[in-house]
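Enquirer: Here it is, the structure in full.
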Amino acid sequence: MDPKNVDCCEERSKSLRARYIYAIIFFTINLTAWFIRDYGHSVFPPTYYKEACGTTGHDCFHTLGVLRVSLGCFIFFFLMFLTTFIARKLYEACSKWHSGWWKLKFFLLLASMVVPFFIPPGFIHIYGEVARVGAGIFLLLQLISVIEFIRWWNKYWSPDEQSNQRSCSIALFTSTVFYGVSICGIVSMYYFYAPRPACSLNIFFITWTALLLIVMMVISLHSKVNRGLLSSGIMASYVVFLCWSAIRSEPVDEKCNVQKPDNRKFDWTTVLGFLIAIGAIVMATFSTGIDSKSFQFNKNNVKLEDDIRYNYGFFHMIFSLGAMYFAMLFISWNLKDSATEWSIDVGWASAGVKIINEWVAATIYTWKLVSPVVKQYRVVNNEQTMQP
């Protein structure tokens, strides 16, 4: 066997393993941010830097503590982005830096996490405002990645001239399941979150979501679009999930939210739900980070043996934006008031962000459906005007 091929295989394996190590690092930082927010003020002794944290240390815990941890995570992954975005081949120094040198990167991570705790709170507030924008960009990139995955799934399973009966049956069954789940979700939300006419806001959110489902289905079945029911069914379920998540983020003391206040009593279900939420943040960041192909203009590039298997720079850029995103979730997009213990992404600001996220998702998906028809219409018009 060619030694060069052996070396490429080894470097490729290292790069694929490295992304999981970065995900574990990101998960650990998420847990650190939660611990600093909820228990940092009662666990850590008063040995902090008073010019940055204040005499009581309040500016290094709670909301500002989360922002400081987020800033440290952002610094680390942004430095990784700056040092790896030019990597194209497995044998390049940037590629080996991405996949190895873990001891040096451990000290870099440690320094990145410590430095923000010496920064005055005024600069941390500025970072918090910037983090709102970065988190919004992260959500937009995540939406595009999800929609591209739905399009790929639809293309893989949708029947065509060469499809066998089994593929057609699977596509039909999957479409039925997703639409069934979407309808059940709409009905359940009306039952649990809009039990009385006074819940006008929830009724509006749920009704608008139902209308979005109908619009996406009609456009998908239009003769000029003809995308079938599979992709619109998957997107319908995703939109219903976003609506449900938004309503669940409403404050628990609202009369139209059936969640019961926990009165600061936490059982294993609270802990499990919290850990699942953190896991979802890591998975969303990880899946978007390795999906650089969805954001390429030319998606048919042929990979050579010594080419990197995913874009390292894009991967670290997504994780740096993910650092801003998890900060917003832990503080519920509110830079002033501290979130309650064991809570994540709860409050009217969080609900509003999720509803906007749902509408943007439906808009992007609808545009993905109609854009080929619009482009074809323009091409036909240009050809007609150019004819003598």
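Every residue, even glycine, has its Cβ placed from backbone N, Cα and C.
Note that the structure is predicted; figures quoted are calculated from it, not measured.
Pulled the feature table from TrEMBL, pasting it below:
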TRANSMEM  20-36  transmembrane segment
TRANSMEM  66-86  transmembrane segment
TRANSMEM  106-127  transmembrane segment
TRANSMEM  133-150  transmembrane segment
TRANSMEM  170-194  transmembrane segment
TRANSMEM  200-221  transmembrane segment
TRANSMEM  228-247  transmembrane segment
TRANSMEM  267-290  transmembrane segment
TRANSMEM  310-333  transmembrane segment
Enquirer: Does the chain bring the transmembrane segment (170-194) near the transmembrane segment (106-127), so that three or more CB pairs sit under 8 Å (pairs 6 or more apart in sequence)?
Expert: no
Enquirer: Applying the under-8 angstroms CB criterion, which one of 20-36, 106-127, 200-221, 228-247, 310-333 scores highest with the transmembrane segment (66-86)?
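Expert: Stretch with maximum Cβ contacts: 310-333.
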Enquirer: Using a Cβ cut-off under 8 Å, which residues of the same chain at least 6 positions beyond either end of the transmembrane segment (106-127) come close to it?
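Expert: For the transmembrane segment (106-127), the far contacts come to 25, 29, 32, 48-49, 51-54, 59-60, 64, 67-73, 75-76, 79, 335.
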